[in-house]
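The next block holds one structure in the form of structure tokens; read it before the comments.
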Amino acid sequence: MAGKSPEEQHPVKAYGWAATDSSGILSPFKFSRRATGDHDVRVKILYAGVCHSDLQSARNDMGCFTYPLVPGFETVGTATEVGSKVTKVKVGDKVAVGIMVGSCGKCDECVNDRECYCPEVITSYGRIDHDGTPTYGGFSSETVANEKFVFCFPEKLPMAAGAPLLNAGVSVYSAMRFYGLDKPGMHLGVVGLGGLGHLAVKFAKAFGVKVTVISTSTSKKGEAINDLGADAFLVSTDAEQMQAGSGTLDGILDTVPVVHPIEALLGLLKNHTKLVLVGATMGSFELPILPLGVGRKSVVSTIGGSTKETQEMLDFAAEHDITASVEIIPMDYVNTAMERIEKGDVRYRFVIDIGNTLTPPES
């Protein structure tokens with residue numbers, strides 16, 4: 001008799017919402033999770049952030065996912081079971097799971113605390129885990145992960161407003177830290193005022209950095225300055241404003257998740273500085289070489305953050321009262337939320353109330 005598949009051997013029944021084809025429409029879905037291993041933490045999911053990457057992944061815009069796919073990179077809940085060798089978490093603790101649940105643990109990236117760049121990184125959904133089964137994300141009743149990829153969620157942080165820190169938060173935090181854009185007194189430009197952009201402003205201000213928000217939308221000026229504490233605002237389609245800002249920035253974080261012109265942005269940079277593209281932008285940018293060369297400017301990119309950076313970011317956020325500005329939604333609103341994300345109709349992040357609104361499928 002043929003042996004059971006690894007997935008059939010999973011004893012823990014779970015449920016969530018999954019995309020089953022490239023329409024990206026999510027619907028109720030039953031599946032199973034593995035038993036809690038010696039180094040694992042089982043998490044009852046209470047809140048899950050919804051990000052632009054979830055929309056792209058559900059539709060398989062990147063061409064690298066299979067179905068069914070349960071999204072969710074920003075997961076917060078409580079530990080319900082811990083393995084015998086787990087040391088940093090106990091049952092009942094507030095915990096979080098971000099964009100990764102595994103890596104090889106042996107390569108140069110892993111041994112230097114850069115697991116998100118491991119060639120064998122296992123993301124929280126849409127990948128194959130070490131046991132040969134697909135990973136399913138946070139739009140679900142529970143999850144289980146190796147304790148290395150489970151984070152202690154500070155008591156001071158509210159769960160719902162803190163959930164987006166697990167992807168959006170660490171993405172901008174890691175970019176600022178790694179590229180040295182976190183020094184007090186620096187002048188940083190933040191392009192885009194969405195999920196990543198609004199958190200970039202909050203972290204930058206906590207670092208003591210002067211912030212200019214750059215947007216195509218004049219209506220966001222009040223939000224940027226009055227609500228988020230930015231120091232200045234530039235309309236990127238206003239040639240006079242952009243000229244006035246020429247050569248004033250020590251760096252730029254570009255958080256816009258779609259391809260857009262960047263030549264005018266390069267003009268805002270001082271010489272010998274960089275524009276950092278943050279996040280999983282699809283497509284290719286047109287890169288003007290001469291404006292880069294004459295000022296020795298750089299265009300670089302980053303995505304996500306390591307486990308070490310993620311825990312540091314959560315602790316820093318708790319210390320400085322940094323949370324996302326969120327709209328809390330029920331599970332069955334998720335498809336409408338995805339549509340609104342594509343239209344830019346959210347201030348600034350959707351978070352699903354998993355604990356109170358996710359119910360088991362009827363059949």
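Quick reminder: no glycine exception, Cβ is built from N, Cα and C everywhere.
Since this is a predicted model, take the numbers as computed values, not measurements.
Between the candidates Arg114, Arg347, Arg349, Swiss-Prot assigns the NADP(+) site shared with Ser53, Leu193, Gly195, Leu196, Ser215, Thr216, Ser217, Lys220, Lys221, Val278, Ala280, Thr302 to Arg349. Site annotation (Swiss-Prot): Zn(2+) 2 is bound by Cys104, Cys107, Cys110, and the candidate from Cys116, Cys118 recorded at this site is Cys118.
Long-range Cβ proximity for Ser217 (NADP(+) binding site), meaning a same-chain Cβ under 8 A and a gap of 6 or more residues, is found for Leu193, Val235. Remark: of the binding-site residues Cys104, Cys118, the most isolated position is Cys104 (fewest other Cβ atoms within 10 Å of its Cβ). Look at the binding-site residues Asp54, Glu74 and count other Cβ atoms within 10 Å of each Cβ; Asp54 has the fewest. Taking the C-alpha positions, the distance from Cys51 (Zn(2+) 1 binding site) to Arg349 (NADP(+) binding site) comes to 7 Å. Using Cα positions, the member of the binding-site residues Asp54, Cys104, Cys110 nearest to Gly195 (NADP(+) binding site) is identified as Asp54. In the three-state DSSP assignment, the secondary structure recorded for Glu74 (Zn(2+) 1 binding site) is strand.
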